Structure formats: structure tokens, C-alpha cells
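Pulled from TrEMBL:
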DOMAIN    78-503  domain 'Major facilitator superfamily (MFS) profile'
REGION    1-26  region 'Disordered'
TRANSMEM  88-106  transmembrane segment
TRANSMEM  126-142  transmembrane segment
TRANSMEM  154-172  transmembrane segment
TRANSMEM  178-203  transmembrane segment
TRANSMEM  215-236  transmembrane segment
TRANSMEM  248-268  transmembrane segment
TRANSMEM  310-332  transmembrane segment
TRANSMEM  352-373  transmembrane segment
TRANSMEM  380-400  transmembrane segment
TRANSMEM  412-433  transmembrane segment
TRANSMEM  445-466  transmembrane segment
TRANSMEM  481-499  transmembrane segment
Amino acid sequence: MKGEETSKVDYIGDDLERNSSGSEQEYKQNVQVEEFNHNAAVPAEAVGVEEKAARASADEAYELAGEVAMQFTPAEEQSVKRKLDKRIPAFCAAIYFLQFMDKTLLNYASITGLPIKGLDYNQVSAGFYYGFMVFVFPSAWLSQRFPWGVTKYLGINVILWGITLALSAISPHFAPFFVLRILLGMFESTVTPILLSTIVAFYRKEEQATRICAFYSMNGLTQVIGPLIAYGTTYGGGVFGNSGAWRLLYIIFGVLTVIVGVIVTLFMPNNPMAATFLNDREKRVALERVRANASGTAQRHFKWSQVKEAVFELRIWLVLAFVILTSIPNGGLSSFSSKILKGFGYDTRQTLLIGMPKGAFEFVTIILSAWLSDKYSERMLPIMIALIPTIVGAAILVGYGEESAALHHRGAVVFAVYLTATFGASLSIVYAWNATNIGGSSKKTAAYAANMFAFGIGNIAGSFVFRDEDAPQYIPGKTSTLVSLALAAIVAVWIRWLVSRANARKRQQVRELQQQNGWSDEEVQKQRDAWAFRDLTDGQNPFFVYAS
């Protein structure tokens with residue numbers, strides 16, 4: 001091919017050459033343009049891709065699974081699924097449990113002797129997210145290009161944050177503690193993007209929300225186990241001197257985190273091809289299970305054209321807005337919930353024990369929301385349902401704003417604090433939305449990193465809306481929780497409407513391609529299978545189906 005016929009077109013990625021028959025204008029007339037994100041979805045015959053170019057651009061699973069689907073029995077699938085479920089969710093849950101626990105130890109340290117107070121406390125709370133935001137994009141890029149795979153990169157980061165956490169125990173002053181919180185945020189910034197990519201690599205779309213929420217529900221479990229351990233340290237922390245319980249907390253979880261990091265580095269697989277507990281046939285079955293996802297499993301070549309598509313996609317920007325709005329209360333409540341409860345007249349040990357049902361409430365809500373999400377292939381509807389109790393709880397807390405009223409109706413306001421736990425389920429399902437509805441390895445990497453950046457923005461804002469000068473009722477912080485989550489519910493409705501429209505356009509595209517090419521329904525399915533591991537984005541793949 002010569003002249004303009006040899007040029008590349010970013011409609012289907014940097015590595016795919018367009019058909020050599022005709023001019024650029026004629027070529028563009030042959031593609032079906034996705035109105036929503038303005039990226040072309042190209043029929044298989046119109047692609048005209050040489051085999052070498054296809055392999056270079058494709059997902060790593062392409063080499064093993066190819067373009068033709070392999071048949072397997074339901075018994076084989078169940079066997080593989082059982083093997084995956086014994087390992088993958090357990091790894092993810094252990095990592096996420098420690099990530100949330102290690103991040104929120106500050107909440108328990110604040111009432112067990114940590115000497116950092118006032119605005120300095122707000123700063124160290126926000127410091128985690130400063131590091132988180134600075135490193136989340138470089139970390140996403142590094143993880144995709146890491147030569148030994150994403151889970152090995154994750155394991156190394158887990159070890160490093162465990163060491164950082166343990167060092168916090170010998171840093172009672174603001175400056176060193178603040179620096180260590182920044183480092184903690186940097187090392188933990190890689191967790192959620194990699195765990196989401198791992199779930200996508202091993203599970204079907206209709207299985208993903210349950211598995212993602214299984215590890216995200218550790219947020220709730222940490223709020224049950226964490227207070228118990230903190231309660232115990234109030235009796236054993238004396239070895240570090242007066243008010244030394246907080247130091248013991250950081251040492252215990254720092255050491256535990258390092259141990260888990262070593263296990264993850266050695267044993268957690270990157271994708272089905274690297275799963276040593278599967279034989280060759282089972283690896284192929286594992287890949288065929290996720291072929292219909294059209295999301296791929298692994299790709300170490302970073303494609304900036306996919307990032308460009310993400311930048312110009314309205315749905316992704318709305319999800320970022322949603323994450324910011326739900327992270328504002330997350331940043332405040334994760335660091336100040338113990339102080340809020342203590343403001344109702346409880347002592348330190350009572351506060352730790354009374355806070356435990358809040359974690360159990362969140363755990364149950366996340367599991368139920370995940371079940372609804374996968375059972376009905378819905379994402380935004382369970383999110384909206386999960387937001388309602390938190391909005392009600394925040395309204396009760398604002399309504400009993402006077403200290404005397406809060407103390408007089410202490411049972412009601414404590415129950416309102418428990419209600420505020422349900423919004424955690426909305427964050428877990430929005431992660432599932434990202435995993436299910438974004439295709440293309442580099443687009444996913446960019447979108448996941450952007451979500452984590454938005455998470456950092458919201459949490460930093462949340463760290464400063466609860467101020468010591470507003471104690472003990474923290475009315476501005478409670479009001480911000482109410483307003484931000486009400487706005488988040490409106491954004492969720494908007495996203496669901498856009499996704500429904502996008503699916504309608506996808507269905508129309510497939511019908512038009514079928515008519516133009518004279519494909520039977522069986523041939524349409526073959527085309528769908530052939531496109532699955534080409535590492536195309538959801539916009540580039542006409543066969544991609546979104547979950548509402």
C-alpha cells in the first residue's frame with residue numbers, strides 16, 4: 001500500500017491498518033459511526049487487517065483463544081469457576097481489607113492517643129489523598145507495562161505500604177506523620193484499578209458486581225473488626241507509655257500488611273493464562289467464559305488513542321462527578337465518624353464498640369446491592385437505592401443539629417449514623433459499572449485512574465468539611481453529606497439514561513451490519529466472538545453491550 005492508503009486511522013486503534021481499497025473518504029463511508037463518542041465501529045470485512053497487525057494490537061489472550069470460540073460443557077465451566085472463586089476473590093478481599101483498614105486507622109488513632117489535633121489532623125487525613133492523586137496516573141501506566149504483570153506490581157506496593165504503616169508508629173509529630181500518610185496514599189493508589197482489572201479478566205459481566213462488591217464489602221468488615229482490635233489496644237498499648245494504643249495499632253497492621261504483600265507477589269495470578277492452578281484446557285475455558293465481555297484480559301502496549309476516546313466520553317465524566325460527590329462524605333465520615341459518635345457523650349471504649357454496627361450495616365448493604373446488580377444486570381438502579389438511606393440518615397443528623405437535641409435523642413442520631421453507611425454500596429457498584437462498561441485495556445486503565453483521582457478530590461474535600469471548631473455536632477459536614485449525595489442520585493439517573501441510549505444505538509448498528517453483509521444470526525455470533533480479544537474499546541466494538 002502506498003500514499004494515503006498506508007496511513008493509520010485511530011477509529012480502531014493505532015495498530016490496525018484500514019482497508020487498502022479506496023480513499024480515506026470512501027473508507028469512512030464504510031464504517032458505522034457511534035454517535036455518542038464519535039469513534040467508528042467497523043464491520044469485520046471493512047477492517048482489512050493483516051494477521052501480523054491484528055496480533056500486535058490484540059489482547060494477550062488472543063494468542064491462546066484466537067477468534068474462534070471453543071466449545072465447553074457446563075460442568076467444565078462450573079469446575080473452572082469454583083477454582084477461581086476459591087482464590088481470586090480471597091486475594092482481592094485480603095488486599096482491600098488491609099487497604100481500607102490501614103487508611104482508616106487514623107480514625108481509631110484519633111481517639112486512642114494520637115497527639116495530632118485540630119487543623120493538623122485534617123491535613124494528615126487529607127495527606128493520604130495528596131499522595132493518592134499524585135501517583136494514581138503514573139502508577140496506572142507503570143502497572144500496565146510492568147514486566148512481571150500487574151499483580152506482582154500490586155504485591156510490591158502492598159509490601160511498601162505495610163512498611164510505611166509500621167513506621168507511622170514511631171512518628172507522633174505532624175511533619176513525619178504527614179509525609180508517611182502521603183507515601184501511604186501513593187502505594188495504595190494502585191489497588192482498586194488492579195483489582196478491577198483482575199475481576200474483569202476472570203469473570204463474566206453478570207458475575208462481576210458480586211465479586212467486586214465481595215472485596216469492597218471489606219470496608220464494612222473493617223469497621224467491625226477494627227474497633228475490636230482498637231478496643232484491645234486500649235488495654236495493651238501501655239507498653240509504649242501513656243496513650244500508646246495508637247502505636248500498637250499501626251505496628252500490628254503494618255506487619256500483617258507486609259505478610260499479605262509477600263503472599264500476593266508470589267501467588268496471585270495476573271490473568272487466566274498465568275493461573276498455575278488451571279491446566280491448559282481450563283485456562284482456555286476461563287478465557288472463553290469472558291470472551292463475550294469484549295473487555296480483554298491483558299495488554300502491555302499502552303494506546304493513547306484509547307485514552308483520547310475516554311477523555312471525550314460524557315459518561316466517563318459523569319461517573320467522575322458521581323465519584324467526587326460520593327467521596328466527599330466518604331472522606332469526612334471515614335476519618336471523623338468516631339469523633340461524631342464520641343460527641344454524643346460516649347467515652348473512648350464505648351465509642352469504638354458503638355461504631356461496630358455501622359460497619360455491619362455497610363457490609364450487608366454492599367452484598368445485597370451486588371446481588372441485585374448481577375441478578376438483574378443493573379448498575380445504576382442499585383446505586384440509587386443504596387443512596388436513599390444515607391440521605392435520610394444525613395437529614396436526621398442535620399435535623400438534630402443542636403447538641404441538646406442530639407443528646408436527648410441519642411438513640412435516633414446513633415441509628416442515623418448507621419444509616420449513613422449504605423452509600424458505600426453505591427461506590428462499589430460504580431466500580432462494577434466501570435469494569436463492565438469500558439472496553440480497551442488502555443481506556444480502562446485511564447478511566448480507572450481517573451476514577452481514583454476523582455476519589456482523591458472528593459476525599460480531600462471531605463477531610464476539611466468536618467472541622468474541630470464545629471465539634472461536637474459538625475453541622476457543616478453533615479449538611480455537605482446530605483447535599484452531595486442528593487446530587488449524586490441525580491447524576492446516577494442521568495448516567496442510566498445515557499447508557500440505555502447507547503445500547504439502543506449499538507443494537508441498531510448490529511442490525512445494519514447484519515443487513516449489509518447478509519449475515520445469519522450464527523454469523524453475527526461468530527463476528528462477535530472474533531472481535532472479543534482484539535483489545536478494542538467499547539466505542540470501537542459494535543458488538544459491545546453496556547450494563548445499565
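Residue numbers in this text run from 1 along the chain shown.
Cβ from N, Cα, C; glycine included.
Sequence-distant contacts of the transmembrane segment (481-499) (same chain, at least 6 residues past either end, Cβ-Cβ under 8 Å): 36, 314-315, 318-319, 321-322, 325-326, 328-329, 332-333, 379-381, 383-384, 387-388, 390-391, 394-395, 397-398, 420, 423, 426, 433, 437, 546-548.
Below 8 A, the CB atoms of the transmembrane segment (248-268) and the transmembrane segment (215-236) form 3+ pairs separated by six or more positions in the chain. Within the model, the domain 'Major facilitator superfamily (MFS) profile' (78-503) carries an average pLDDT of 87. At the 8 Å Cβ cutoff, the transmembrane segment (215-236) and the transmembrane segment (412-433) share at least 3 close pairs (sequence separation 6 or more) and count as touching.
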